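Input: a single structure, listed below in structure tokens.
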Amino acid sequence: MGFFELSSSSSKSSVTALKWLGFVVAIWVQAISGNNYTFSNYSDALKSLMNLTQLELNNLSVAKDVGKAFGLLAGFASDKLPTWVILLIGSVEGLVGYGAQWLVVSETIKPLSYWQMCIFLCMGGNSTTWMNTAVLVTCIRNFRRNRGPVSGILKGYVGLSTAIFTDVCAALFSDDAASFLVMLAVVPFAVCLVAAVFLRESPPASTSSEEKEETQFFWVFNAVAVVVAVYLLAYDFIPSPSAVFSEAFSAILMVLLASPLGVPVYIYFRNRSRPGSDVEGQVGENTEPLLVTAEAAATEGEDKAEEVAAVAVEAEVVEVKRGQPLIGEEHTIVEVLKTIDFWVLFVSFLCGVGTGLAVQNNMGQIGLALGYSDVSIFVSLISIWGFFGRIVSGTVSEYFIKKAGTPRPLWNAAAQILMAFGFVILALALPGSLYIGSILVGICYGIRIAISVPTASELFGLKYYGLIYNILILNLPLGSFLFSGLLAGILYDMEATPTAGGGNTCVGAHCYRTTFVVMAFACIIGFGLDILLSIRTKAVYTKTYASKKSKKSSAPSNGRRQILN
């Protein structure tokens, strides 16, 4: 009997180590899946090679974001196909999409027609939806009691991925656009092949001790991520680093990205060196006689059965009356689309990510208009500060839910009003405005992404989460089209001067001032919607808080009962 207990304990520890190994490779996938945000790094090369106007260039950027609209396919597939298949589909599509762009920018082939470039940009954009869906759905199901930290860490690395690609390209290839596109094509493909082996669904934490251990490990991942972000930020402010220094920077960065492997390795060897510790610990903690424990378990089982039956009857009666599940319960896709709360979340998300994408897609031209010949530092600033917004908001929002039942959408409201302030600063175009504006837009965009992901799972359930997530991120192509393709593109061309051979250019603060003002108003609308959603969903988070509080209060009483017995 003891042998089988030890075997069971050893097997459980191996599963736990594999679950955390899956989370580590998920981090790596997210660290390379933000390639969709790097368009500004090579947009100028495309514009000059293809003789495009700003509106035409912006529509190319919209094409890459339209690829996310086809993320619905990834959402449907997430309920039918295993994780490794979804990862392979995304990696192959990215290899083809960015590989074709490299062939054009490197002048290996003649420039493709405009519609052909739109298709390949669309493929590159769609590839990330498969990667993100595979990673988010799997990890949130594996760590469903810590959805905020999971979302913050994973989405934080998506934010860092732009800076990782940009800084490594600057360090190794002197910001060469063709080399940059090779990285965007090959690196995600290789990383996804590794992730396809190790990332899979595992049983979530079933006890409070396991949940507490998860929280402790997430703090470790947070700390490592912050070190990576600060390291990238420091490199951006080093003037003209030497070739040797740049190579050393890249090598150390790879070590930092590999360092999260320490967590699953630690778990594996900790349990391997003490194979019977779990069983012995359980026996030592259980001071109750077996008979009393059995009776208590039977009584508890009966109570739970009665409670479940009562809840089922009540739910059935309520379901007949309302014909629609309550917010916080499992929803089908049709039921989700019928709720006001989903559309409030959808439109507020549009106001945040649409305006943020417009800045990221146009950063190359915004920088040139304000007199900066190299905009890579601003691309990195948005990326790195977006990371801080994602990782901090995920952990902090989870803390306040457990401590005070604070609705998660309130953090989105705070981000929207801060982003509006950032657009006002950009519109003023004072010295240093682009630095401050890039930081504020990055932080707020990151918060919106990290908060909206777990919010959707909390309000509408996890059963169809893959599809719900991909419906929600339809805001990326929609927002890109409205704010970048139409608003920024048309207003820029109205201010621009045609150049010889086609295309146009605009220099001065006036080029984007009206665009920034309109986007500030959009953020204020988003702020109002987020406040409304916070009010409407207050009961969901109050219930979560009450549940956590009752678990904590019941733990000491159970301990006292064991001593008395």
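Using N, Cα and C of the backbone, Cβ positions are placed for all residues, glycine too.
Copied from TrEMBL, the annotated features are:
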- 19-265: domain 'Nodulin-like' (DOMAIN)
- 81-102: transmembrane segment (TRANSMEM)
- 114-140: transmembrane segment (TRANSMEM)
- 152-173: transmembrane segment (TRANSMEM)
- 179-199: transmembrane segment (TRANSMEM)
- 219-238: transmembrane segment (TRANSMEM)
- 250-269: transmembrane segment (TRANSMEM)
- 329-541: domain 'NFD4 C-terminal' (DOMAIN)
- 342-360: transmembrane segment (TRANSMEM)
- 366-388: transmembrane segment (TRANSMEM)
- 409-429: transmembrane segment (TRANSMEM)
- 435-455: transmembrane segment (TRANSMEM)
- 467-492: transmembrane segment (TRANSMEM)
- 512-533: transmembrane segment (TRANSMEM)
Distal contacts, the transmembrane segment (512-533) - CB-CB under 8 A, six or more residues away: 341, 344-345, 347-352, 354-355, 358, 362, 366, 369, 407, 409-410, 412-413, 416-417, 419-421, 423-424, 426-427, 429, 483, 487-488, 491-492
Sequence-remote partners of the transmembrane segment (250-269) [C-beta within less than 8 Å, at least six residues beyond its ends]: 13-14, 16-18, 20-21, 24, 27-28, 31, 164, 167-168, 171-172, 217, 220-221, 224, 227-228, 231-232
Stretch in 81-102, 152-173, 179-199 most in contact with the transmembrane segment (114-140), if contact is a CB pair under 8 A: 81-102
Long-range Cβ neighbours of the transmembrane segment (152-173) (under 8 Å; 6 or more residues past either end): 26-27, 30-35, 37-38, 41, 132, 135-136, 139, 179-180, 183-184, 187, 218, 221-222, 225, 228-229, 232-233, 235-236, 241, 246-247, 249-250, 253, 257, 376, 379-380, 382-384, 386-395, 398, 442, 446, 449-450, 453
For the transmembrane segment (179-199), distant same-chain residues with Cβ under 8 A (at least six beyond the ends): 18, 21-22, 25-26, 28-29, 31-33, 35, 38, 41-42, 83-84, 87-88, 90-92, 94-95, 97-99, 101-102, 105-106, 124, 127, 131, 134-135, 138, 165-166, 168-169, 172-173
